[in-house]
Amino acid sequence: MVGHLSEGAIEVMIQQENTSIKPILQVINIRPISTGNRSPRYRLLMSDGLNTLSSFMLATQLNTLVEGGQLASNCVCQVHKFIVNTLKDGRKVVVLMDLEVMKSAEDVGLKIGNPVPYNEGYGQQQQQQQQQQQQAVPSPASAATPPASKPQPQNGSLGMGSTAAKAYGASKPFGKPAGTGLLQPSGGTQSKVVPIASLTPYQSKWTICARVTNKSQIRTWSNSRGEGKLFSLELVDESGEIRATAFNEQVDKFFPLIEVNKVYYFSKGALKIANKQFSAVKNDYEMTFNNETSVLPCEDGHHLPTVQFDFTGIGDLESKAKDALVDIIGICKSYEDSIKITVKSNNREVAKRNIYLMDMSGKVVTTTLWGEDADKFDGSRQPVMAIKGARVSDFGGRSLSVLSSSTVIVNPDIPEAYKLRGWFDSEGQALDGVSISDHRSGGAGGGNTNWKTLHEAKSENLGQGDKADYFSTVAAVVFLRKENCMYQACPTQDCNKKVIDQQNGLYRCEKCDREFPNFKYRMILSANIADFQENQWVTCFQESAEAILGQNTMYLGELKEKNEQAFEEVFQNANFRSFTFRIRVKLETYNDESRIKATVMDVKPVDFRDYGRRLIANIRKNM
């Protein structure tokens, strides 16, 4: 039984720091360590059959093995990947990055052999003496089986028993001279590469090898204390992730050199407590570049992971606090066109686009892209979207906003994306989806997801609750009421109040309390739309009316004044044209009479491919 473990492996791991070996060890004990609000960490006491060591730490991505009961006291496991970290006081910690449980705790049932605590001061001779003493007095577990043959160590190195090689497929002998694991910076001093998870503000000399998963644009500021600029990075290695920020001179120095998805050695930055309000990075600390910071390319970093996600289900967003930062993954069920808006705080124009993401829960969330992300987004093939660090808003339910610090990946190469794509292609695309976002003030009202026929909207009493309801439908225009559909409005940008003709060449706006030599036309169009089953009167304001008529309001105003016949033809040509309508319905009371008011929020040409696909899916669902 003792031969089943990689005897001598602990010494090789600690003394030689040879991380290429894959030892087979037994878990003796597991102890959780409190980490505040972070994910729990687990400290392990492990045995190689010869020695025990309590300085094993489990990487957080392996926590599920403990929490699921696979990794437990007495189980035997093979370590596939580990890192040795030297603490400030000289003690060494082995961080287990990847391991496989070979025999469960139930199958093993007890401690294998009589291992003794490992002491770094012991030489190999003392350990061999201990081993001989153990073999002379077999343990109850090993007395029942003949001792396994074990090759003698050669040139001062420890071998691994052949029984273990047969049982677990491990054949590489321990004791092979290990590399230094040191980085030689340009200054000539050696710095040890340490995992990100081990960084603390109390360390002065350190180097990490990390992949850049996100790089912000350069941002500037100006206030009473001066002005400056900055950019930030998100870095990841096998142990965790960290955010780094460069200011002023460091921006000029490092911004042109660092590329997203490349791997670099980072040395000597200032570490401080992280501000979680502005970052979704899972680390209690963040890094700031300074005059001593060094960044060197690493050509051998292909093994490092890419972006680390901790996904929140769309259905779980309703329990998240306002302004919380979350990682989300979903299929782009539908999307709006990019529009330009002016940010009031700095009077700067920026692009904005709403997309509607759905996951396997069938829930849909409105997600807003900004700037370059909004302009370049292509949702025509309904891609999988993974977003790290989106901000939760509570406006009208729950919605998300992508920040400048967020990471957006289209069709990421991760298992969750493949699973979601398979589900959507096989069954998800037939679902209407249930929106957790309710944009009551306009827009697409939560996305084109709540598909209804006009008959379904009426029979389900949509709009008769306390809040307005939204639905999407495909219908044809059957009648347009052109009488009084246009009015002369205040020409100022933010005012649409009807003006009064002063009969002296001026037009007065009561709201602005001003007179103007001109006006602009505004439109409120009543339309009757119908599908195969039902019809509905709807009100169309400026943009939706223009989309139906195919002409802008100013041109229509000129036609009405100069060419009544051409004006009539515009309305006639719009009849019997089909559109996809996004409609808001709400019960309103006027003069003691209650009725459902239907307002068109958005009008788009029918995507007949998508429409046909949904009809076929509905037919199959009802067969």
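Note: Cβ is positioned from N, Cα and C throughout, glycine not excepted.
Between the listed residues LYS172, LYS604, Swiss-Prot assigns N6-acetyllysine to LYS172, with no corresponding entry for the rest in that record. In Swiss-Prot, the entry for N6-acetyllysine among LYS150, LYS176 corresponds to LYS176. Take the Cα of SER393 (phosphoserine) and measure to each of the recorded positions LYS192, THR200, LYS276, LYS340, LYS458: the nearest one is LYS276. Counting other CB atoms no more than 10 Å from each candidate's CB, the recorded sites LYS22, LYS419, LYS467, LYS586 peak at LYS22. Neighbour counts of Cβ atoms within 10 Å were taken for the recorded sites LYS192, LYS253, LYS268, LYS340, LYS458; the minimum is at LYS340. Counting residues per DSSP class in helix, strand and coil order gives 0 helix, 6 strand, 17 coil for the zinc finger (490-512). Note: THR200 (phosphothreonine) has non-local neighbours LEU271, TYR285, i.e. same-chain residues 6+ apart with C-beta under 8 A of its own C-beta.
When the recorded sites LYS192, LYS253, LYS419, LYS467 are compared by Cα distance to LYS340 (ubiquitin cross-link), the shortest distance belongs to LYS467. Secondary structure counts, DSSP: the DNA-binding region (206-290) has 9 helix, 45 strand, 31 coil.
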